[in-house]
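Engineer: TrEMBL lists these features:
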DOMAIN    B:39-557  domain 'Cytochrome oxidase subunit I profile'
TRANSMEM  B:49-72  transmembrane segment
TRANSMEM  B:92-116  transmembrane segment
TRANSMEM  B:263-288  transmembrane segment
TRANSMEM  B:372-394  transmembrane segment
TRANSMEM  B:406-430  transmembrane segment
TRANSMEM  B:442-464  transmembrane segment
TRANSMEM  B:484-505  transmembrane segment
TRANSMEM  B:669-695  transmembrane segment
TRANSMEM  B:707-726  transmembrane segment
TRANSMEM  B:738-758  transmembrane segment
TRANSMEM  B:778-800  transmembrane segment
TRANSMEM  B:820-841  transmembrane segment
Amino acid sequence: MRTWAFLLGGLVIWAVHFFTLYIMASVFLTPPLARTLTMLITLACLGAIAFLAFKARRIEIETATDSWVRAVALLGMGVGGVAIVWQALPALLV
Amino acid sequence: MKSETGFDPALYARFPTPGERPEGELEELERIWCAPRGWQLLTAVNNNYIGFFYVAAAFLFFLLAGILALVMRVQLALPLQGVLPQDTYNQFFTMHGTVMMFLFAVPMVEAIGVLLLPQMLAARDLPFPRLSAYAFWAYFVGGLCFFTSLFFGLAPDGGWFMYPPYTSITYSPGINADFWLLGIGFIEISAIAGAIEIVVGVLRTRAPGMTLDKMPIYAWAMLVFGVMIIIAFPSVILGTLLLELERAFNWPFFDPTRGGDALLWQHLFWFFGHPEVYIIFLPASGLVSMMVATMTRTPLVGHYLIVLAFLATGFISFGVWAHHMFTTGMPNLSIGFFSAASMAVSVPAGIQVFSWIATFAVGKPRYNVPTLFLLGGIVTFVIGGLTGVMVAMVPFDWQAHDSYFIVAHLHHVLIGGMVFPMFAAFYYWTPMTSSRALSEQLGKWAFWLMFTGMQVTFWPMHLVGLMGMPRRVYTYLPGREWEVINMISTVGAFTLAAGVLAFLIDVARNFRFTTDSDAGNVYGGGTLEWLPTGLYSTRSIPVVKSREPLWDDPKLAEDVEAGRYFLPGSATGLRETIITSPLRAEPQYLQIMPGPSAWPFLGAVFTAGFFILLTVQAYIPSFACGILAVICVLRWLWDTDRLVKEPDVDVGAGIRLPTYVTGPDSHGWWAMMILLIVVGMIFVMGVFSFFYLYGVQPRFWVAPADLWSLAMVLPAYGAASGLAWLARYMLAREATELWTPGVLFLCGAIALATGIGADLWSWIASGLRPDASGQGATVYALLGLEAMLAAIGLLMAGYISARNSRGMIVRPHNNSLDLCVLWVIYTAGQGALTAVLTRAVGG
Ligand code: HEM
């Protein structure tokens, strides 16, 4: 379970971020409140990713599989982070 | 070394074992896995057969839908043609789109999975062979019946996404729409069955040592594919169910005059529909990645990037559904979010394409037929991808929406992303199931005709779309400068068809189905499906040490064939395969597999009968079929979950594995968990519908049922889960009478029924009716779902009692009981949530 959580962590947080934004935009439509909330949620999610990445870097590596899992997990977190920032941009621009 | 299960990986060093294998061992394996003959083919469950039937059937549907496309192109070749009257044209494009998407594309990728995966993972078979057989027959019989509706003028005509209100009873009073709703809803169930098989197969039946990083890229693609089906398809199943309820019983889910909303359908449909595109593309991309490596004779560049791209696609594709709804007036911010996600989702696809190009650049490509199809596919897919990014820009989409530009875009993506890779795969993997390879010469004809035809058909459609030609029109007026372009498209379509014909001729001349004397590894692939195989798959199951074992260990094939690895014969005299752990593929136990049986076939025929007869409103025969289907399924399950006399056996080199395990280690537990996720997703989408309708139409909402009624409902559900859990607990107690767990389970199921009964009763007492408003409709739909689950719980109680009476619920733990307990506990939880959530909002 731990391994899967690391492997998919970045992307899961992206999904949480996306659906929270969706629900929020559906409930509040597009006022400043929605924009502020978007920023807060985004920061929280980025923080979560940073925490996960910090943890993932400290997993001990014994086999090739371990280092492979770590590489994919860290990249996934990177991709998740960029996607989260990207996802939040409309709140600033629209 | 690190271990996941306590298995010592150092034991792998015992393989390959020295010395000769005992005489008669191979013969026994052949006897156990013997081929079916004549009518027995209907009872076959082996993946070599089912996979092959499945691929052939899906291809048949491709041909049928292709013929429909040709007729449409003839109709559109010139303005004011009279080949197809308007009504029929509507049925044609609906059937073409629906059959291509639901009866060809998804089943085809699933079929190729069923055929290839066991060989690639070196499993004897996927873990639920009878489920595969059931899924195939249900799909085939149901699909054929669905297609014939066209000959009676009863085919659906609302487009492949069937938007209400056009498809509601007011505007589509005939049974055409019902054919779609029941037919497709039911075929999705078979797709889910296949996905469960594939997910559990990839995670649990890999060859020992095939850790996540050594798993073939295709297996990764299929894993993500399976999970995506499990998350996405419940949404369309729910959607079809709701629309059918509205049509049959007047429950106004989609009727805005009574608190429904037509856009709800679009949300439900596209939450499935867009991931569907990736569900089709990912497996094809997995195939491409495998073939590119072989054809360039070099390992895939950026293997782990592609894995990441698959995973990212799996996630992000669930955030783009509403880009099909940019023109419906959503809040600006939502539009922004969906537009951003739609652009983002093209990044993983880009990673894959770059990795393929890099592999071509690094390796030494051979320009044979599979390579041509691969390159043709990549080029076509990239074009479609680029127009995809164009329509992800909202202002552009406002212009291009519902025009031929979209038709051009979607065909580029689908044909480039899935159809060309499929033909590449046909050429590449035919030597695995045929005694002769397909012809290079004819293949090149097929490719160039198809490729040219494809571009000539669909390039001009971008233009005619931008010139204003809407999609889904049966004809157009002369003088708009659309004539020449349309004529070119039609010529292109026939060129493409000529390419498909060349392929068919090739197949007729060269394809000879075989399970044991195949043409072999003509292209020099490095993965396990190219080991010599029989119906039992490989003679022995190798230890995997790298991603391309056949390239790295030239003696592997010989050793495997000589039985020098795991499971060189049958350890118990039955069909069996090794179940390994999900991360590191360490051997865990020996699964005893069910053999051929007529029950999955009969079950599938009756299930199809149930749905089709229901559509034509023959209720009594339909329900009779339904009951027969349930009996067949129970009868097939009856043979499963049995102990063999040896509690553990030698699986080679003195390594002993148990023959029966329970709990989270067992493959049955995984399947049940996945099934519960499917049911859970249906529930989640139901809850979404409930809150969505409340959000858009709150003025139709009245006070919910009495809160006091919860005092009866919740304890009943609590009792249900408690009793079910107690049943399992008591089974392990020495002093317990054998019938106790069965009775406890029965009481649990009765408590479930009491819970849902009480909830229903309180809603009826509240005076709200399902046909009164969107609120009534969604509340009763959720209650109906719960009632269905509870009814299955009662059925399980009967089944458990029957097995108990035959002494088949063995101690201290038993899978049948465990899985039924899981079901009851889940159902109780969902019931409690239903009761609370439905009372959470109201007028
Ligand atoms: C073999 C060559 C093909 C040709 C010549 C072709 C042609 C067409 C035509 C003429 C339409 C109707 C356009 C309209 O009236 O709006 C159409 C629609 C469609 N096609 Fe194809 N098609 C082909 C292959 C495919 C494939 C392989 C797929 C999917 C895997 C596919 C999926 C669809 C879908 C989803 C629609 C939309 C149906 C709707 O509007 O409801 N087609 N195609």
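Here the Cβ of each residue, glycine as well, is placed from N, Cα and C on the backbone.
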Engineer: Out of B:49-72, B:372-394, B:820-841, which stretch touches the transmembrane segment (B:778-800) the most, going by CB pairs under 8 Å?
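Structural biologist: The stretch I would name here is B:820-841.
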Engineer: Which residues of the chain, 6 or more past the ends of the transmembrane segment (B:49-72), have a CB below 8 A from one of its CBs?
Structural biologist: 36, 41, 83-84, 89, 92-93, 95-96, 99-100, 103-104, 107-108, 110-112, 114-116, 129, 132-133, 136, 139-140, 143, 147, 150, 419, 433, 493-494, 497, 500, 513, 515
Engineer: So if I exclude everything within five residues of the ends of the transmembrane segment (B:484-505), which remaining residues of that chain have a CB under 8 angstroms from its CBs? That is, six or more out.
Structural biologist: 63, 66, 69-70, 73-74, 76-78, 423, 426, 442-443, 445-458, 460-461, 463-464, 467, 476
Engineer: Counting only pairs at least 6 apart in sequence, do the transmembrane segment (B:263-288) and the transmembrane segment (B:406-430) share 3+ Cβ pairs under 8 Å?
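Structural biologist: Touching, yes - the transmembrane segment (B:263-288) and the transmembrane segment (B:406-430) meet the threshold of 3 or more Cβ pairs under 8 Å.
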Engineer: Counting only pairs at least 6 apart in sequence, do the transmembrane segment (B:92-116) and the transmembrane segment (B:442-464) share 3+ Cβ pairs under 8 Å?
Structural biologist: no
Engineer: For the domain 'Cytochrome oxidase subunit I profile' (B:39-557), what's the model's average pLDDT?
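Structural biologist: Here the predicted model's pLDDT, averaged over the domain 'Cytochrome oxidase subunit I profile' (B:39-557), is 94.
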Engineer: Near the transmembrane segment (B:372-394), which residues from the same chain, at least 6 beyond its ends, have a CB less than 8 A from one of its CBs?
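Structural biologist: Long-range Cβ neighbours of the transmembrane segment (B:372-394): 284, 288, 291-292, 295, 323, 326, 335, 339, 342-343, 346, 349-350, 353, 356-357, 360, 400-401, 405-406, 408-417, 419-421, 423-424, 427, 443-444, 447-448, 450-451, 454-455, 462.
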